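Here the structure is laid out as structure tokens; the discussion comes afterwards.
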């Protein structure tokens, strides 16, 4: 007896529908609010939370478009994970997050912050950003010319190169590594999914941009330095100002590792437990400060500030040879420093377990507007995200913040989804291999596919009246369809 590939594929399709339908049913049961309610209706009530049960969840859910049938699944699985966040870089959701009491966080800078500022969850992250070694030889000219830029969009400033730094700044000896400890459960953070710290214009920062735009209008912020400040600092300032009445602790973003924008260092939410002077490698190794290469010091430079090599004196050539050698050695140090940060970030591929998520108050753009299935091309702020929808999302965030978050009261959906993947991914992969094997579809292939799928369906199926001689292959499709109705 021969079987058609279409028939076997139907079995797999039904199995997937059963599995995803079961997951979607569970998500409704536990109130993931981002996709749960009809337009213009909030799921969050600060004083009267809805009771969502297996027998009434239909009142709180709506169909999700097929193209994004796995979007919420992938968003939850990628949350607080380094590589999955990079694979799905354009985030569209706000995850309520809690940083438990006693958690250590780090900041490298020249002074103790008093307002909003960045903290890193790993000291390698802060160390890499805070310790910028002075450059030697020809490399020092590149840095002074602003090759890497300091403008809002990364463009280097126009005009002549800046003067060399004053002597007391050459070693940057005032840089400090600060270690903070959470003095209480910081239970009002918003974690922005995707590669939300990426300074791009391709959507990674849409969740911050949307909040910033709505906040500007709601708070009537007409003169807050919008054109002079770096975009991410402007967003952070607005978000913290908006969130202050609600007790917002800050936002959490994904960089190489996870970073926290803490809204207020002066409150009783964190305590400074360590402050160490950061020592520059050249100071530690006893090397002199870099030679100042400028026209004032007698160096041949053209109108662009570049060295005129054929006009160098023998002494200048010797200085450059020596310092270029030091710079080459320091480049190895900087490479290892960057590698340490990458390794610290990669350690969280399986999750940043020092941060906990309360999935009950998840707010997402999924099913509010069209979200492209391609994780690299989707945008939260597309044509379908009307101003009214943006206001609705911010309204849901405000109501969630009024409640406060408690991850211990939330279903751990990431754990549940991980179990589904671990259990069923091998099954689906094996069935796919069987169906896509070379040669004609014959009884042996059909039997092998049935052997893998039969035991998945039967435990959740009722006997089918009138079915004789057991379940044949195509009878299994009917069996699974019945299971789907029962589920």
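Cβ coordinates are placed from backbone N, Cα and C, and glycine is handled just like the others.
Here the structure is a predicted model, which means the values were calculated and not measured.
Annotated features, as they stand in Swiss-Prot:
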| type | residues | note |
| --- | --- | --- |
| SIGNAL | 1-31 | signal peptide |
| CARBOHYD | 40 | N-linked glycosylation site |
| CARBOHYD | 68 | N-linked glycosylation site |
| REGION | 141-176 | region 'Disordered' |
| CARBOHYD | 150 | N-linked glycosylation site |
| CARBOHYD | 220 | N-linked glycosylation site |
| CARBOHYD | 304 | N-linked glycosylation site |
| CARBOHYD | 367 | N-linked glycosylation site |
| CARBOHYD | 442 | N-linked glycosylation site |
| CARBOHYD | 448 | N-linked glycosylation site |
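Put simply, residue 68 (N-linked glycosylation site) is 52 Å from residue 304 (N-linked glycosylation site) when counted between their Cα atoms. Cα proximity to residue 68 (N-linked glycosylation site) (within 10 Å) is found for none of the glycosylation sites 220, 442, 448. Here the candidates are the glycosylation sites 220, 442, 448, and by Cα distance the one nearest residue 367 (N-linked glycosylation site) turns out to be 220.
Comparing local CB density within 10 A for the glycosylation sites 68, 442, the maximum falls on 68. When the alpha carbons of residue 220 (N-linked glycosylation site) and residue 448 (N-linked glycosylation site) are compared, the span between them is 66 angstrom. For residue 442 (N-linked glycosylation site) paired with residue 448 (N-linked glycosylation site), the C-alpha to C-alpha distance reads 10 Å.
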